[in-house]
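Worksheet for the structure shown next.
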Amino acid sequence: MQMKKLSTLACAAAFATLSGAASAQISDNTVKVGVLTDMSGTYSDLAGAGAVLATEMAIADFIAEAKPAFKVEMVSADHQNKADIASNKAREWFEREGVDTATELVTTSTALAVMKVAKEMNRVALMSGPASTPITNEQCNDVTVHYTYDTYALANGTAKAVTQQGGDTWFFLTADYAFGQALEKDSSAVVIANGGKVLGSVRHPFPAADFSSFLLQAQASGAKIIGLANAGADTTNAIKQAAEFGITPKQSLAGLLMFISDVHSLGLQATQGMYLTTGFYWDLDDDTRAWSKRFFEKQKRMPTMVQAGQYSSVLHYLRAVQATGTDEAGKVMAHMKATPIKDFFGKNGRIREDGRMVHDMYLAQVKTPAESKYPWDYYNIRQTIPAEEAFQPLAQSRCPLVKK
Amino acid sequence: MEIFGVPGALLGSQLLVGLINGSFYAILSLGLAIIFGLLNIINFSHGAQYMMGAFVAWIALNKLGVNYWVALLFAPIVIGALGVVIERTMLRKLYKLDHLYGLLLTFGLALIFEGVFRDQYGISGQSYPVPELLQGGVNIGFMFLPIYRAWVVVAALTVCFATWFIIEKTKLGAYLRAGTENPQMVQALGINVPLLITFTYGFGVALAAFAGVLAAPIYQVSPLMGSNLIIVVFAVVVIGGMGSIMGSILTGLGLGLIEGLTRVFYPEASAVVVFVIMVIVLLVRPAGLFGKA
């Protein structure tokens, strides 16, 4: 009797130690991925429900490939493009719901707010949606990865190509908030560096519907190129109205941030010939086509670069958790930075010390209606911009984490 | 020629663009003013009804092959009929209560309508082509004026002034106005006041849908197109004086012009200038520029 009790106790103790060892590494033996995105506003087509789907696909693929000993769960919420809602939700997730990483975060202002909370709580922030360079410069921290693209890479692709092809005088139509201003600043620098001139700019409220006043000012400037430093519905409305007022094709538009969802919504007639820079195109090669078709099956739309980047970033994160056996932010980040990214999205990808994920970017030109052979056949890829050239060089970095 | 450092030609074109936007404000605020004047309901679903007008036109073109000119009549009838149903089944029960209840109900309806269209069509919007007859533009010296925009001004102002005429100068209009002053008395004279009110709400909603069809070829037809506009339009109605028919038309046009000028001289403020004016007007003339105190 006594013996039996003892052995039971010993067994229980041994079991407790074993399971204790595991749970000390991964809290609750569960990795929780939070998707904080725009589910209902201007950016809900380019991120939104598609980003949630991409996350589910990443988790399912990870479980199938790695057969992890821990559970993986997902939660999602609508941040409504508001910084205060985003940071409150992230705090609630981290403090009370055991969320290990906050992801997606389209709209720069929400991203900047959440990365501060992540730093304070020592959790990882994966940014596949936002665009502004301050995320990896002035505001950078060691728990944040900026994954898909940024305003520097966009300017460096589109503004450079257009200026070099003779579009050497520019006027900017700029969305009046952090992202638009960053995009205008980065693009102006590229235009000037390539021998062009910036004749002026006008800051429009965000969001705006009627662009005729602003377009007429751009027209009066006489610039060859009107740079659209805005996104989403603002860009599509501006393009539509530029054609209406006879501004195009006399002056050309450069959409500095355009997603495939914008081209789809406007149609090829209105967008043909425009240059844009993208981190991903579904019809690039067999790998991108295979993944995108799986995505299309469920979403009935082809993925944007944000949605593809979301998949890739979550998968890279989960693999790092598996490899390190912990969900502690510092160790996971160290592994993510040390491991090159190899999947359909991140060609030649790696995460630098400032948190910037550098990978090949593409300069695309929108096809004419005659060139487009099947649904979503929208881009000619004109140039692959190698990972090392596509993003801001570390030498120019304003991030304190970068040792010079 | 330069005026305050801005070339005259640019200023002229900005005033014209302001007038175009002003005619949208005028037709939308007119609908709101009629509904408020006769029903005492603050119709917060006006923006959603404007959006649905545009969507009905888009769906009619793409699914049924119905062209723009037919849609101009068809969409207001469909959405106006929806308005009649809303009035008969829901709004009717709220007339005796505070304004706030009507506002909350219509606000809730607006969110539901927008949600349904967002779920069905996504947020990026659909393109509606400019009808063939109105494509292209003319050079009028200081600017290139798209023919379609000129048509918008003509169509909107015609409808606005026709509405004003019906309400202020015809017998039907006299019944309507009498019905709002003293419904019991008018009812006693043998006029069906509840029917008049239903008709009025349907008509106000149809005006919003008409504006939506006018807007479809200019803006992307998107579920949120009304919610951004409606707040400005409410400010227009407040400035003009709640319930004043001519006031809402003139204020709509005037504020379009002022907003257009702000976009030249201080573009960052163009989204708030209407609200600044609203604050000033409320401080100086709380009943609005054309309202009766």
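The first residue you see is number 1, and the count goes up from there.
Cβ atoms are placed via backbone N, Cα and C, with glycine included.
Within the same chain, residues 46, 50, 87, 91, 95, 102, 143, 145, 149, 152-153, 156-157, 159-160, 163-164, 167, 176, 179-180, 196-197, 200-201, 203-205, 207-208, 210-211, 214-215, 229-230, 232-234, 236-237, 240, 242-245, 247-261 sit at least 6 positions outside the transmembrane segment (B:15-39) and bring their C-beta atoms closer than 8 Å to a C-beta of that stretch. The transmembrane segment annotation in TrEMBL covers B:15-39 (among others).
Taken from TrEMBL, the feature transmembrane segment covers B:44-61 (among others).
TrEMBL lists B:67-86 (among others) with the feature transmembrane segment.
Tertiary proximity for the transmembrane segment (B:98-117) is limited to same-chain residues at least six positions away from its ends with a CB under 8 Å from its CB atoms, namely 39-49, 51-52, 55, 86, 90-91, 223-224, 226-227, 230. For B:98-117 (among others), the entry in TrEMBL reads transmembrane segment.
Sequence-distant contacts of the transmembrane segment (B:148-167) (same chain, at least 6 residues past either end, Cβ-Cβ under 8 Å): 17, 19-20, 23-24, 26-27, 30, 34, 130-131, 134-135, 173, 176-177, 207, 210-211, 214, 217-218, 245-246, 249. According to TrEMBL, the feature transmembrane segment maps to B:148-167 (among others).
Per TrEMBL, transmembrane segment is recorded for B:188-218 (among others). Among residues of the same chain six or more beyond the transmembrane segment (B:188-218), those with a C-beta under 8 A of the stretch's C-beta atoms are 24, 27-28, 30-32, 34-35, 38-39, 41, 43, 46-47, 49-58, 68, 71-72, 75-84, 86-88, 91-92, 128-131, 148-149, 152, 155-156, 159, 163, 175-176, 179, 225-226.
The transmembrane segment annotation in TrEMBL covers B:230-258 (among others).
The transmembrane segment annotation in TrEMBL covers B:265-284 (among others).
Within its own chain, the transmembrane segment (B:44-61) is flanked in space by residues 28, 31-32, 35, 67-68, 70-72, 74-76, 78-79, 82-83, 86, 103, 106-107, 109-110, 113-114, 117, 121, 126, 128, 204-205, 208-213, 215-216, 219, 221-230, 233, which lie at least six positions past its ends and keep a Cβ under 8 Å from the stretch.
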